[in-house]
């Protein structure tokens, strides 16, 4: 601690941008000055990349904070938060950096703002190493809204690697406090649906091939359900660049959503993209949890902020989730426990993530 600045080691555990997102958002919410050292120390390009810097800048702007060390490549920053206000804010990675990761850092902050917020997030909408915007809308949104808030996400333009150029507008109103969630019953899968998309120079035929390959793959395991994966060509005026990919969602009788997704790239055949997404979905269905691998870590910060005990049943705990828990506990008074469920089936990798939340109260409402 330097004065009462919280010291964060950005090189431990998952060692990536997630440490920055969780700790900066919590610093902003709790009014804790922060120093993060060794940012992305183990990565082949250590330090801040454009999307990490954009994330830090939007949080700084949201709360009139002070950011030092905010340059591309910087491995150390200090951040001093101010008071969170609502209003319109723009974050632009100017690359294909993910808009969904910008949303991850900004959303917890604006929930505790003084007035409603509108965030214009620019960059990649369907990027590698990040949730696709379709995942955010189809899976993340209905689950995270169980914490008792709502948001609107309008996809203005899609943008793909390498140039980005996409834009989404997120609107949300602040809340007094977050309710805990209890996601421990998977129920049965009632629907499987999704979208296979192409944009730019690619023909719709590729979307149809991705969709057909995914359906064939799922059919081997799940025979009795209608599977509806729509092939789509993104309108030219709503997409920048050339891209393709697929997302497939399984919805259950208890209101759970689990997904598999994959992106196309040059030299990767369309069948392979479809099969990858289908296999990811089947893998996520196999463990018996109520959330998939991509959602697990995204819920941690909300569980930490909520008032009361949240419980989520999941498959194997990812390194991203362990990292989010570590920093949420370091910065808040939330307490997490992770318990393996042996009794159901010793061979089954199912866990309960439980959190006694800190019960953050919005001082502005």
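Positions of Cβ are set from backbone N, Cα and C atoms, glycine also.
Over in TrEMBL, the protein carries these features:
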ACT_SITE  320  active site, tele-AMP-histidine intermediate
BINDING   104  ATP binding site
DOMAIN    13-338  domain 'RNA 3'-terminal phosphate cyclase'
DOMAIN    184-286  domain 'RNA 3'-terminal phosphate cyclase insert'
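Of all the recorded positions given, namely 104, 320, the one with the smallest number of surrounding CB atoms inside 10 A is 320.
Sorting each residue of the domain 'RNA 3'-terminal phosphate cyclase insert' (184-286) by its DSSP state yields 36 helix, 37 strand, 30 coil. Counting only the Cα atoms, the space from the residue listed as 'ATP binding site' to the residue listed as 'active site, tele-AMP-histidine intermediate' is about 13 angstrom. Within the model, the domain 'RNA 3'-terminal phosphate cyclase insert' (184-286) shows a mean pLDDT value of 97, rounded to a whole number.
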